[in-house]
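*Asks:* Relevant sequence annotations retrieved from TrEMBL are reproduced here:
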type: ACT_SITE; residues: TYR471; note: active site, schiff-base intermediate with substrate
type: DOMAIN; residues: 85-169; note: domain 'Copper amine oxidase N2-terminal'
type: DOMAIN; residues: 178-277; note: domain 'Copper amine oxidase N3-terminal'
type: DOMAIN; residues: 304-725; note: domain 'Copper amine oxidase catalytic'
type: MOD_RES; residues: TYR471; note: 2',4',5'-topaquinone
type: REGION; residues: 59-86; note: region 'Disordered'
type: TRANSMEM; residues: 7-27; note: transmembrane segment
Amino acid sequence: MEQKSFFRVIFLIVTAGFIISFTSTYFSHTPSSTTVVLDCTDTSSSPLCASRNFLFNKQQPRPIPKTDPKPKTKTHDHVSDTPNHPLDPLTLSEINKVQSILSSHALFTSGTRHALHTVVLEEPDKNLVRSWQKGNPLLPRKAFVIARVGLDTHVLTVDLSSGLVESVNSPVPVSGYPMMTIEEMNDVTSVPFSNADFNRTIISRGVNLTDVVCFPIACGWYGKKEDNIRVIKSQCFVTQGTANFYMRPIEGLTILIDLDTRQVIEISDKGRSIPIPGSTNTEYRFENLVTTTTDKTRPLNPISIEQPRGPSFVIEDNHLVKWANWEFHLKPDPRAGLVLSQVRVHDPDTLETRDVMYKGFVSELFVPYMDPSDAWYFKTYMDAGEYGFGLQAMPLVPLNDCPRNAAYMDGVFAAADGTPFVRENMVCIFESYAGDIAWRHSESPITDLPIREARPKVTLVVRMAASVGNYDYIIDYEFQTDGLIKAKVGLSGILMVKGTAYENKNQVNKDKEGNEEELYGTLLSENVIGVIHDHYVTFYLDLDVDGPDNSFVKVNLKRQDTEPGESPRKSYLKAVRNVAKTEKDGQIKISLYDPSEFHVINSGKTTRVGNPTGYKVVPRATAASLLDPDDPPQKRGAFTNNQIWVTPYNKSEQWAGGLFTYQSHGDDTLAVWSDRDRDIENKDIVVWYTLGFHHIPCQEDFPIMPTVSSSFDLKPTNFFEHNPILRAAPNFEHDLPVCEAQSVSS
């Protein structure tokens, strides 16, 4: 009897436990301590993935953790990487080999101070790469090296098989210097503190030296004063009370430094009367922000793309991306950031994989500030050629920079002494769906045809983000299944601001006519001016539409007046096609009042009805430089004089500001090359497109900027016989399980 009672008690306990478990799993409740989990990769793992009533569930406010979860452990071992494609970047072991070869070369054994400013793959000739097929022997691997030895710049080619080192025009005779190394930028931050006059200046302002940071600022070229000496300027900020030190400039204090000797040349101090802005309201880190209880903003619930069957793309051999009808080679680069190569698209009718672009990347970023005063006139940055756009690329933040379904790619670069280092999570690749429509048509009820056809627009995004000092740039290349490629630039980060004595607009001085004193920007906060500036991002686009022999066509829309009595209409538009014969025909200033399309065609390949196959450059919102063409920074940035340029392919012409941009005179730029006016009809041509932004800062940009972006498209034009996504499948309910947040005890 006692034994039966015992089993009865056990049965009741088990039953009660089952009921509690069942209730907690299937019914809404408020957990005391939970972590929100969203995982529908296996629909059988969570019964909530099948629920269709998630909109009506009563949910408690989501607790927001103040710290990030531990990042996933990296699993890629770069030590064992081997190249598999002629365009694969140098591997970690190859960079080590370059370092070893150069360490015994005569240039580097004399004891003279030296540094490696560039160590990248010397890409094989284009025709060899185009004819190479997987399974063929790999083309010879060589490294392209730019080195500074003493006060001279040398260009070297290192053969990784033979160990031979070839010099090209060494030392380099042209104006300009190579981009800075990370080590130089780091060293310059401490140089001012080795100068007693600088230290006295800081202390005289009542600021502790331990609360000051100084930032290296490339200073361009303004005449003979900067000739034959590699210099940089440094400006300083106060860190006390904030991590956002950019909002606390020590205005008017500028230190000129010899970049080779790391010595202070000159100190200019013209801002003693300007107060250092305070730290109030400058914080932007989530864990330090206080949310007021009276804020009525509805918090956003987390959002994510879930792919129950996994991603649709693959990355073969570390660098070859294949997705839907696209395939392309992708590699990080210390100067360009990332490089797309051998971009091809599959034709659903011919079943061929066709060439679209041999190579595309950001060639240069030109950022001139619009303040001619002593402490600001020189701020006209070339972010790729001076700082290295890829060197400034930061590790992307999972779930925020890139969604859950992203894959990541590391950059492997060389330090100044040749030692390789890894920039983790530098690039991410992911599929994106924002509820957009690829194509649709619904028939009107008057036709009595019950047609409701729509297709979802899913794209593949390749992304990187670079933090060049205060500014953050986001570069996206977005591939669509209809053959379109969208290049998109996002601007975020922190403004470069100027200190001022003004705390309110009503304090600004006015002249007799009531005109305000020129502030060169906008008063954003007490003692803080956001200076007006521009951003120009110039893209190198070596389009090979169905092969390398292409032509550039400007398709101009013109008004045509009708003849008297010809039509009730007085006018219409017609398309006038002009094939560019030489480079000057390919220099384009975009105008709303001169509407045109810009086609790259292959006249040797035609569609069934006789149109040459092509792609067109589709500009979006952009900006043009308003600076005087003879202004020193505009001479160096003359590649922004037009929005479009077309040049014949030349392996040595890749960097719009010249190979040696730092302190260059503007004598080796895209504008100089294009003025040669070479033939470009039915040639292997390169299109250069500049995306521009005018930025007049506003208070919403303080203390950190919401992202603003613009883009341009490369769109197929008579490339396919018809809509290439005609056969695309619609979404069906059974393909898309509905995922709901599952509460799991922490």
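Cβ coordinates are placed from backbone N, Cα and C, and glycine is handled just like the others.
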*Asks:* Summarise the model's confidence over the domain 'Copper amine oxidase N2-terminal' (85-169) as a mean pLDDT value.
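*Replies:* A mean pLDDT of 96 is what the predicted model shows over the domain 'Copper amine oxidase N2-terminal' (85-169).
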*Asks:* 10 Å Cβ neighbour count around TYR471 (active site, schiff-base intermediate with substrate)?
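*Replies:* Its Cβ shell of radius 10 Å holds 22 other Cβ atoms.
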*Asks:* Do you know the DSSP helix, strand and coil residue counts for the domain 'Copper amine oxidase N2-terminal' (85-169)?
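*Replies:* Summed by class, the stretch gives 21 helix, 30 strand, 34 coil.
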*Asks:* When DSSP states are grouped into helix, strand and coil, how many residues of the domain 'Copper amine oxidase N3-terminal' (178-277) land in each?
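*Replies:* Its residues divide into 31 helix, 31 strand, 38 coil.
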